[in-house]
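Peer 1: I am attaching a structure below and will ask some questions about it afterwards.
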Amino acid sequence: MKAEHDGDLLEEDSPQENGVHTNQYSSISPPASPVAEDNPFSTYFEEKVHIPETDSQAFSFRKLWAFTGPGFLMSIAYLDPGNIESDLQSGAKAGFKLLWVLLVSTIIGLLLQRLAARLGVVTGMHLAEICNRQYPTVSTSFSHNFLLLLVPRIILWLMVELAIIGSDMQEVIGCAIALNLLSVGRIPLWAGVLITITDTFVFLFLDKYGLRKLEAFFGFLITVMALSFGYEYVLVKPDQGELLKGMFVPYCAGCGPVQLEQAVGVVGAVIMPHNIYLHSALVKSREVDRKNKKEIKEANKYFFIESSIALFISFLINVFVVAVFAQAFYNKSNMEVNAECNVTGIPHTDLFPLNNDTLEVDIYKGGVVLGCFFGPAALYIWAIGILAAGQSSTMTGTYSGQFVMEGFLNLRWSRFARVLLTRSIAITPTLLVAIFQDVQHLTGMNDFLNVLQSMQLPFALIPILTFTSLTSIMNDFANGLVWKISGGIVILVVCAINMYFVVVYVTSLNSVLLYVFAALLSIAYLCFVGYLAWHCLIALGVSCLDFGGRVRNQPAVFIEEQSEYDS
C-alpha cells in the first residue's frame, strides 16, 4: 500500500522477504470503513459524529460545524492554569513587550497541531498507537541490539506520562486555588484538590449523554474564561497602541535575563507535549471513510480551519491576561501593592512585604492584587475564570492520560478502571503537594513543573514529525520537502529554547549535588533524544544515517505483531 511521494527514502529499495516489506516503519492500512474502528474499550469514541453530505464542493458551514469540537478541546491546553500563570508573569515582568512571543508560539503550536490532526485522520490511529506500533520493544535474540530494542517504547510512554502528571498537577492546583479564593480561604488547598478530583470524575462521564453535549460543555467553559478574563481586560483598559506594538514588533527594548527567561517560559507553556497526543486522538471522533481520499482531504481541511479558530480564541484570552497585568502591575513594587490592599481592606496584605522589590505574582497573588486595585468583584471573577480553566484542562488532561496509556500499553480494561488508574497516577503527587504545601508558596513548584514539561517536548515533537513524513504511514498525505525542512527547524528551535529554560532553572538551584545529578540525567536524556532524532532524520530522507540498513530491517516478531494489528 505504498504511494509515490518525493522525499521518502525509507520505502525505496527496502528489502522484501516472501513479499513482505521488512522496513522498520511498516505501512498502516486504513480501516475498510468507519465501523471497522469501533472498539468496545475505546475512550471517548462510543459514538462518532456524522459528517453531512453537501452538493457543493465549496466551503460548507454545515460541515465545519460537524468537524467543530476536537480543536476546541485541544485549545483548552493553551488555557490551563500553568499558561495563565505564565501570561500574568509575562505582563508583570515585561509589560507588553513579549506579546509577539505569545503570537509566534501560538502559530508554531497551530502548525504542530496540524501534523497531529493529519496523523489521526489519515491513519485512523493516534500518535501513541503509532509509536506503539512503529518503535520496537522486543528482539529476536539478546545479541541483536537488545537494549536498544527493548527500551524505546517504554521510555517514551514514561516520558509522556511525566509530562501529563506535571500538567495535571498545575491544573488541579489551579482549581484548588480558585476554590480557595472564592471561599475567602475557607476551602484549604487539599480540600480543593479532592473536590476537583470528584467533579472531574462526574464531568468525564458526560459523553455518555452524547459526544456533542460533552463538547458543548467544554465550549461553555471556554466561554466562561473569555467572559471572565475579558471583564478584567475591559476593567483595566490597557493601552491599545502599546499592545499592538508589543504583539507585532519582535523586539524587547531594555530587557534583561528576567525577561528572557520569561519569554522562554511563554514558549514552554504554550507548546505542551501531551497536547499533540491528545489532538491526534480527538479527530478520530468524526466519521471519515479512510478508504476515500477525498473524504480524508476534506477532513484535513476542516480540522485545520477549526483548529485555527480555536487557537485564535485561546490566543485572545491569553492576550487579555498578559495585557491586564502589563497595564496595571508592570514595574509595581511590593510596597505600592501593600498600601493599596490596606486602603481597600482586602486580606492577605502579608503577601506583599514592605520593600521596594518588584512585584512578583502567581495565580493566587494575581487574584489578590486584582482585588486590591479593582475591588472584590475583580478577584472573584478572576477566580471563576481560573476555575473554568483548571476544570476544563483537568478533564482534557485525563483524556490525554487515557489515550497515551491505551496506545502505548494496548490496554483492554473497563473504562472506569482506566479512568481510575490514570487519575490516580496524576492526582496522588498533587494531593501530597496540597497537603504539605501552603497555597501562598506554590510558584517554585510551578516553575519546576514547567521545566519538567519542557524536557518532555522532544518526545512528542520528534515522533509527530517522523511519522507524518513517512509515505509508508501517511501515503499521499506525507509531509512534502517544505514541511519536512520547516518542521525540522521549528522543532529544533523549540527544543533548544526549552532546553535553555531547563539549564537556567538548574543553574539557579546552587547545589553541587543537584548539578551532578542533573549532569548524569542529562546524558541519559540526550542519548534517548538522539535515538529518536536518528529515526526522524532517516524518515526525513537522510538515508546515509541508516547504517547497514538497520532501521529498515525489523525483527520477524515485530512483523507478526504488525500483522495482528492490521487484521
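Heads up, the Cβ atoms here are built off N, Cα and C, so glycines get one too.
The region 'Disordered' annotation in TrEMBL covers 1-35. Residues or ranges marked as compositional bias 'Polar residues' by TrEMBL: 16-30. Per TrEMBL, the feature transmembrane segment maps to 99-117, 146-167, 218-236, 303-330, 368-389, 420-437, 457-474, 481-506, 512-534.
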Peer 1: Are there 3 or more C-beta pairs under 8 Å linking the transmembrane segment (457-474) with the transmembrane segment (512-534), counting only pairs at least 6 apart in sequence?
Peer 2: yes
Peer 1: Give the nonlocal contacts of the transmembrane segment (368-389) in its own chain as ranges (CB under 8 Å, at least six residues past its ends).
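Peer 2: That would be 76, 79-81, 84, 171, 174-175, 177-179, 181-182, 221-222, 224-225, 227-229, 231-232, 235-236, 324, 328-329, 337, 340-341, 344, 346, 348, 351, 359, 361.
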Peer 1: Mind pulling out the one from 99-117, 218-236, 303-330 with the most Cβ pairs under 8 angstroms to the transmembrane segment (481-506)?
Peer 2: 99-117
